[in-house]
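Structure first, then comments.
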Amino acid sequence: MTVLSVNVNKVAVLRNSRGGSEPSVVAAAEAAIRAGAGGITVHPRPDQRHIRPGDVRDLAALVAGRVEYNLEGNPFAPPREGYPGLLALVAEARPQQATLVPDGDGQLTSDHGFDLARDAARLRPLVAELKSLGARVSLFMDAGAPDIERAADVGADRIELYTGPYAEAFAAGDASAALALCAETARRAQAVGLGVNAGHDLSQANLGAFLRGVPGVLEVSIGHALVGEALYAGLDATVKAYLQVIRTAG
Ligand SMILES: CC(=O)[C@@H](O)[C@H](O)COP(=O)(O)O
Ligand SMILES: NCC(=O)COP(=O)(O)O
């Protein structure tokens with residue numbers, strides 16, 4: 001069954017908005033784990049807009065031996081004041097998975113995957129280093145990426161399908177083309193031995209159709225919609241609702 005990895009970035013947004021320690025990302029992750037989440041995901045960005053290095057350490061201690069820990073980030077982003085770089089964070093936290101995302105500081109959120117024609121040579125040694133640290137490596141990729149197979153060449157274990165365009169099409173009332181593109185991209189990845197994860201703007205409304213339309217998705221990482229929905233229904237009930245969607249999708 002597809003693993004639900006709960007992304008707690010948005011809990012940190014709320015916490016940072018007042019400068020204190022509440023709401024706690026650790027308490028949120030604990031509640032998600034107790035509700036049945038199979039993983040916790042964070043995306044510590046260099047500008048520390050939400051998840052900070054201290055959160056990465058605290059969550060590593062919380063999830064150890066319980067559920068999978070998925071650390072996201074741009075491996076090309078250099079260290080700076082208060083941000084040691086993705087590889088240093090992985091070396092310290094030793095997550096089960098590192099998901100590489102080519103985001104810059106100027107982006108509101110993740111909105112594209114890697115261009116492997118441009119990035120493959122730079123990625124290959126970084127992927128090898130991350131794997132030497134014991135992490136499974138997943139590359140954030142656009143549905144329809146022309147060279148999805150090159151993700152295997154650079155040593156990645158999985159791709160994460162960027163599902164933002166699918167979610168947008170779903171909300172607009174016709175996701176058939178976007179879903180077909182995701183399914184074809186997943187099939188191409190699986191054909192060269194890559195596992196397939198998925199994430200970005202997935203929600204209770206659009207997740208079931210996605211999983212039914214894209215066979216073999218190993219993990220979905222969901223944060224923005226899930227945390228938003230939890231503001232109304234509670235985190236325990238919301239995580240359980242996602243798990244039911246996943247079970248029902250088969
Ligand atoms: C890679 C991706 O789509 C998300 O995991 C990302 O973490 C979203 O980042 P924000 O939570 O900063 O929007
Ligand atoms: N990799 C996707 C993720 O972790 C969460 O994305 P979103 O649900 O916050 O859009």
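From the backbone N, Cα and C atoms, a Cβ is placed for every residue, glycine too.
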Where TrEMBL shows Arg45, His50 binding 1-deoxy-D-xylulose 5-phosphate, which of Thr99, Thr109, Thr163 is named for the same site?
Thr109
Do any of the binding-site residues Arg18, Arg45, His224 touch ligand 2, in the sense that the CB is under 6 Å from one of its atoms?
His224
Quick check on the recorded positions: of Glu72, Asp201, whose CB has the lowest count of neighbouring CB atoms inside 10 Å?
Asp201
Is any of the recorded positions His43, Glu72, Glu160, His200, Gly223, His224 within 10 Å of His50 (1-deoxy-D-xylulose 5-phosphate binding site) (Cα-Cα), and if so, which, in sequence order?
His43
Write down the Cα-Cα distance for Glu160 (site 'Transition state stabilizer') and Asp201 (3-amino-2-oxopropyl phosphate binding site), rounded and given in Å.
13
